[in-house]
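Positions annotated as domain 'Nodulin-like' by TrEMBL: 7-252. As annotated by TrEMBL, domain 'NFD4 C-terminal' applies to 297-513. Among the features that TrEMBL reports, signal peptide is placed at 1-22. Taken from TrEMBL, the feature transmembrane segment applies to 67-93, 105-127, 171-191, 203-221, 233-253, 315-332, 352-373, 385-402, 408-427, 448-467, 487-506.
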Amino acid sequence: MSSNARQWLTLVVIIWLQSVNGTNTTFPAYSPQLKEILSMSQVKLNNLSFASDAGKLFGFFSGMGALYLPLWLVLLIGSTLGFVGYGLQYLFITHQISSLSYAHIFLLTVLAGNSICWINTVCYVVIIQNFPSDHQVSVGLTTSYQGLSAKLYTVLVDALFFSPDKRAGTYLLLNSISPLVVCVMAAPFVRDVNAGTSKNMKAGFIVMFSIAIATGIYAVISSLGSLPSRLPPLGNVIGISVFLLAPLAIPIAEKIREVLLNGEIKKVYIEKNVGDDRVERIESGIEEGDDHRRENEVGVKEEIGVMSMLKRVDFWLYFFVYFSGATLGLVYSNNLGQIAESRGFSGTSSLVSLSSSFGFFGRLMPSLLDYFLSRTRYNLISRPAACIAALMAPMAGAFFLLLNTTSISLYISTAIIGVCTGAITSISVSTTTELFGPRNFSVNHNVVVANIPIGSFVFGYSAALIYHREGDGDGKCMGMQCYRNTFIIWGSVCLFGTFLALVLYARLRRFYSRR
């Protein structure tokens with residue numbers, strides 16, 4: 001297989017890895033059952049939610065591993081951590097082992113949460129290496145599929161088991177084995193292909209975006225109340241599987257094209273006089289040095305190590321913007337099961353699936369706009385900061401909308417928070433690269449997302465205390481008062497984060513206006 005076909009195949013493999021890597025997003029789907037099985041209070045349940053995010057505090061280990069270890073080994077380390085973390089919990093709640101204390105479950109959850117960092121780091125590094133000129137678009141496209149993980153796992157659980165008391169165990173089993181199986185299959189493909197830039201790249205991305213949009217539409221429609229009642233669970237599994245396999249059409253088409261051209265695309269060099277007695281070569285329609293120019297268009301301020309990064313005002317602005325935006329949205333999704341239960345809403349799985357589907361679209365949207373809209377050198381850095389501010393404003397409004405008692409407000413707010421959280425998460429990957437350079441990205445970005453466990457603890461623990469205070473003494477709370485004050489706090493924090501994002505935008509705009 002030629003380098004161009006392998007390049008597209010690598011992107012497809014990364015999509016599959018991201019699709020199964022969002023194991024922590026399934027927690028709200030089975031947390032009510034887990035709380036009942038283990039007879040936990042809301043505070044203890046929130047601690048487990050925090051533990052899943054706390055694994056990101058140790059994400060810098062995966063960044064260091066990507067610098068010094070083969071990527072396939074980093075991938076297998078990550079999947080093994082998840083296999084152990086979720087697998088032992090599955091054995092415990094199915095009564096196959098009985099010696100685990102709450103502290104053991106907490107540590108296993110931290111271990112499982114850390115596994116996500118290892119797989120994510122490999123995905124980012126491979127994409128940046130193999131798509132140097134389009135790495136922002138490629139990272140955003142592949143990352144969007146992680147937002148589909150909760151949808152994928154929910155569909156599989158619905159098809160495998162119908163008994164509510166077995167759902168928690170099924171989620172843990174799938175969280176344990178699915179990433180391991182996919183990582184073992186993907187290990188041979190996580191490497192630098194060195195394909196360069198192909199003139200067929202644009203057509204490939206158009207097809208890839210078309211498939212992604214169709215996948216997102218199917219995910220949203222199948223998450224609503226009408227279609228699932230008509231479509232059997234197995235049919236839903238087949239449907240989502242077809243959409244995940246569809247990107248394979250691109251490397252297959254590339255290979256067929258090569259076969260039709262006698263199995264090898266010959267490089268055609270055309271000399272072009274560019275003035276000043278200089279002659280440039282054009283290889284297959286791409287000017288020599290084009291990759292370098294396109295890479296410079298990214299607008300990287302400078303290459304910054306982690307210690308220097310921590311001394312920058314821009315880092316701390318960026319850190320707290322993410323903290324009060326994407327992190328807050330993830331905390332909401334982690335508590336979605338309890339929020340739905342407190343309102344007397346029985347369709348928790350469909351709500352989680354809806355949040356996942358809109359999160360997928362949110363993650364995809366920045367890459368789609370970034371690829372098809374013209375960009376200038378001036379606004380490359382400042383525009384993402386402005387986009388984050390524009391996304392956080394409706395997100396704050398969605399938290400206040402949750403004060404409404406109707407089910408439709410719950411659906412609308414969940415969809416808005418899912419879209420905005422996904423979009424900010426996607427934008428942050430390229431923003432970290434552009435602010436601090438791609439060389440130390442694997443470490444720098446893991447430091448940035450370390451705010452997720454911090455926010456999970458601060459916001460989640462305060463919500464659990466309010467829930468417990470408003471409860472009836474048996475660990476349960478029913479009614480709008482359970483989360484009313486929490487939504488007001490979250491909405492206010494999100495508004496403050498919007499202000500910080502505007503400050504970051506203004507600083508970056510001044511920086512680039514002086515260049």
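Each Cβ is built from the backbone N, Cα and C atoms, and glycine gets one as well.
Bear in mind that TrEMBL entries carry predicted annotations, made automatically and left uncurated.
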Cβ contacts the transmembrane segment (408-427)/the transmembrane segment (105-127), at least three under 8 Å, sequence gap 6 or more: no
Candidates 105-127, 171-191, 203-221, 487-506; stretch with most C-beta pairs under 8 Å toward the transmembrane segment (233-253): 203-221
For the transmembrane segment (487-506), distant same-chain residues with Cβ under 8 A (at least six beyond the ends): 314, 317-318, 320-321, 323-325, 328, 331-332, 382, 385-386, 388-389, 392-393, 395-397, 399-400, 402-403, 459, 462
Contact set, same chain, for the transmembrane segment (203-221): CB under 8 Å, 6 or more residues outside the stretch: 8, 11, 134, 137, 141, 144-145, 148, 151, 227, 239-240, 243-244, 246-247, 249-250, 254, 353-354, 356-358, 360-361, 364, 367-368, 371
